[in-house]
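Peer 1: Provided herewith is a single structure, encoded as structure tokens, for subsequent inquiry.
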Amino acid sequence: MTIHKLMVKDIRNLEALTIEPSPFINILYGLNGSGKTSVLEAIHLLGLARSFRSNRVKPVIRKDQQKCTVFGQVRHSGSAVLNVGVSRALQDENFQIRVSGENLRSTSALAQHLPLQLINPDTFRLLEGSPKDRRQFLDWGVFHVKQRDFIPLWKRLQKALKQRNSLLRHGRMSSSINRSTIAQISSELQVWNSELVKASEAVHQLRDEYFEQLKPVFHEVLSQLTELSGISLKYYRGWDKERSFSEVLAESLEKDIQSGYSQSGPQRADIRVRIDGTNAIDTLSRGQLKLVVCALKLAQGMLFYRKTGKQCVFLVDDLPSELDAPHRKALCAILQNMKTQVFITCVEQSALADCWLPEVYVKVFHVKQGRLEANEQIYPGREIRQAESLEIEHE
Ligand SMILES: Nc1ncnc2c1ncn2[C@@H]1O[C@H](COP(=O)(O)OP(=O)(O)OP(=O)(O)O)[C@@H](O)[C@H]1O
Ligand SMILES: [Mg+2]
């Protein structure tokens, strides 16, 4: 998928702009505070109806405005262009999504039209942060590659888990947790346990299959990015691998009642990244951590393409930060070879000047106080290309 045309209205400091990006590499450069990340945020909003910088809608909407809108013409390979529009308003935490003239109610339906991968300075959180971030990363792949199977299973899992937790909390409120309380809750839980076990095992199986496919692609990308060796990836399913999930649920019942929630299951799954047997985050430098995370995200994009024939759009915020010139070049080379659409931000345009192959269509935008100017850039060996139409609209 590629964004053929992007229109942004009232997102952060972007008042109104229209751009026609390159289907391959787009560079947005400009001073601090000029609006580079805001453009990426607008694209994120178009793909997921939410920002990657804030859970709240207020900070995303331009000061003193009531709503923000982003509109994109999204081209799917070999098919027509889809018109996608997303608006968010101050008074309403909900979103309005329109795809080809129809209102959509779910963000998962939207996400199918514009799969995105984000690499930004917070990307380290994938390794340093909570398992939730890593589960979300894994589920991005399972969702996009095995959509039809995954969504209904995911809903079943959430429902069974919610019901089980609600019964557990009910049990916790009993005056004393003794054998008879446990026996009573255990019998009430039976129906939900059985549903939970089925959905959990099915979700685990999809994740496991996807993860096994991702691992070799990750190692392939990592070796193109860095000399770093000894990195291993492991998937933890959320319960003891030696025992069945029903056994684990039965054994942990008393603890689950005491805490009021299910302590094991796919909601506790994780990916563990290790280097020579130690935790990667305790050993690797910041730059190395960033390379590992980049390799994970690039591998996901590659696997998505290999499995579905579709490309995702990469948003790379502040690419040069913490990467030296050889690693920057290696990362740019992979992005170019993927022939996917990429939006990259940087402060100094020169930081990425020698990273592009002559045949790659690189479009450069100079971001100045919330406005974008197309800036013709000649890279070594590349023909001078006229900037495609770029209009800047002002209210
Ligand atoms: N809701 C808002 N309304 C108006 N302006 C805003 C709003 N939120 C943030 N800004 C301003 O928008 C500007 C652009 O921010 P943005 O993060 O996009 O800059 P940037 O070009 O990525 O900068 P940097 O190089 O520092 O990362 C900043 O000056 C910021 O203060
Ligand atoms: Mg920024």
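Indices start at 1 and increase along the chain as displayed.
Positions of Cβ are set from backbone N, Cα and C atoms, glycine also.
Given the structure is predicted, the values throughout are model-derived calculations rather than measurements.
Below are the features listed in TrEMBL for this protein:
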DOMAIN    3-371  domain 'RecF/RecN/SMC N-terminal'
BINDING   Gly30, Leu31, Asn32, Gly33, Ser34, Gly35, Lys36, Thr37  ATP binding site
Peer 1: If you check the binding-site residues Leu31, Lys36, Thr37 one by one, which have a CB less than 6 Å away from any atom of ligand 1?
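Peer 2: List returned for ligand 1: Lys36, Thr37.
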Peer 1: Taking all residues of the domain 'RecF/RecN/SMC N-terminal' (3-371) together, what is their mean pLDDT?
Peer 2: 91
Peer 1: Hey, what's the Cβ neighbour count for Asn32 (ATP binding site) at 10 Å?
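Peer 2: Other Cβ atoms found within 10 Å: 6.
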Peer 1: Can you see whether DSSP assigns Asn32 (ATP binding site) to helix, strand or coil?
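Peer 2: Looking at the DSSP assignment, Asn32 (ATP binding site) belongs to neither helix nor strand, so coil.
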Peer 1: Enumerate in sequence order the binding-site residues Gly30, Leu31, Gly33, Ser34, Gly35, Thr37 whose Cβ-atom distance to ligand 2 is under 6 angstroms.
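Peer 2: Cβ under 6 Å from ligand 2: Thr37.
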Peer 1: Hey, for the ATP site built from Gly30, Leu31, Asn32, Gly33, Ser34, Gly35, Lys36, Thr37, who else sits with CB inside 8 A of the CB center?
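Peer 2: Going along the sequence, the neighbours appear as Ser38, Thr345, Val347, Val367.
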Peer 1: Name the residue among the binding-site residues Gly30, Gly33 whose Cβ has the smallest number of other Cβ atoms within 10 Å.
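Peer 2: Checked Gly30, Gly33; of these binding-site residues, fewest Cβ neighbours within 10 Å: Gly33.
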Peer 1: Within 10 Å of the Cβ of Ser34 (ATP binding site), how many other Cβ atoms can be counted across all chains shown?
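Peer 2: Neighbour count, Cβ to Cβ under the 10 Å cut-off: 21.
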